[in-house]
Amino acid sequence: MAWIRTVGVLLLLALGSSIAKVEEEDPEYWRSQARSTLKTRLHHKPNTNVAKNVILFVGDGMSITTITAARILKGQLRNQSGEDSVMTMDTFPNVGMIKTYSVDFQIPDSAATATAYLCGVKTNLNTLGVNAAARNGVCKSQKGNEVTSILKWAKDAKKSVGIVSTTRIQHATPAAAYSHSASRKWYGDADLPASAKRDGCTDISAQLINNTDIDVSLINLLFVFNFILNLKIF
């Protein structure tokens, strides 16, 4: 009986694939989808309320190609071709794109980009929480060129703030929220070069520990993964 069930499942999958191909050959199939999408957009009403809280999810390195690969995989796991699969994030009413680059490089790193979207200021490669007048690895250049982040702005607005990371909390992406460093590599005091110590720079770990603005900081992969699943973002 088991082989009969197996054959039945295979036939159903083949039938489903055949039906999908027939639909795609019909021009009305595509036009119907277009009309549905346009209708949804035309009836969309902008939410002009003031947000009470903000949760910023950062998929580090999540480029267009990464999202496309995830979309295709989602469809293929459901025995579909994959390209026509739709993720929940594809249905968001408001989406946008940004140009990622640092002031001194065409291809940026996560320190410069994290500073850009958390502090609103583009900067140089490998630098955190400072403007482009600061030079990579030069302690003296960061003095007076520090920039504040949305974490600080939220705290000043009497909000509770926190950081949850699946990597170390001193890593470039989360560190841009609270630190100011001419080098993303200055994780701890052992990483500070003699010149940086002499010129009075503080390592990223010390800045984290001494930061009184952060109410919660967590490094918990399981927590984040389950939270995302519950939100059904994908």
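Cβ atoms here come from the backbone N, Cα and C positions, even for glycine.
Just so you know, TrEMBL annotations never went through curation; they're auto-generated.
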Figure out which of Asp60, Asp84 sits with His171, Thr173 in the Mg(2+) site per TrEMBL.
Asp60
What's the number of neighbouring CB atoms sitting within 10 A of the CB on Ser110 (active site, phosphoserine intermediate)?
20
Neighbouring C-beta atoms (10 Å sphere around the C-beta of Asp60 (Mg(2+) binding site))
14
Pick the one among the binding-site residues His171, Thr173 whose Cβ has the fewest other Cβ atoms within 10 Å in this structure.
His171
Beyond Asp60, His171, Thr173, what residues of that chain have CB atoms within 8 A of the centre of the Mg(2+) site's CB atoms?
Val58, Ser110, Ala114, Ser165, Thr167, Ala172, Pro174
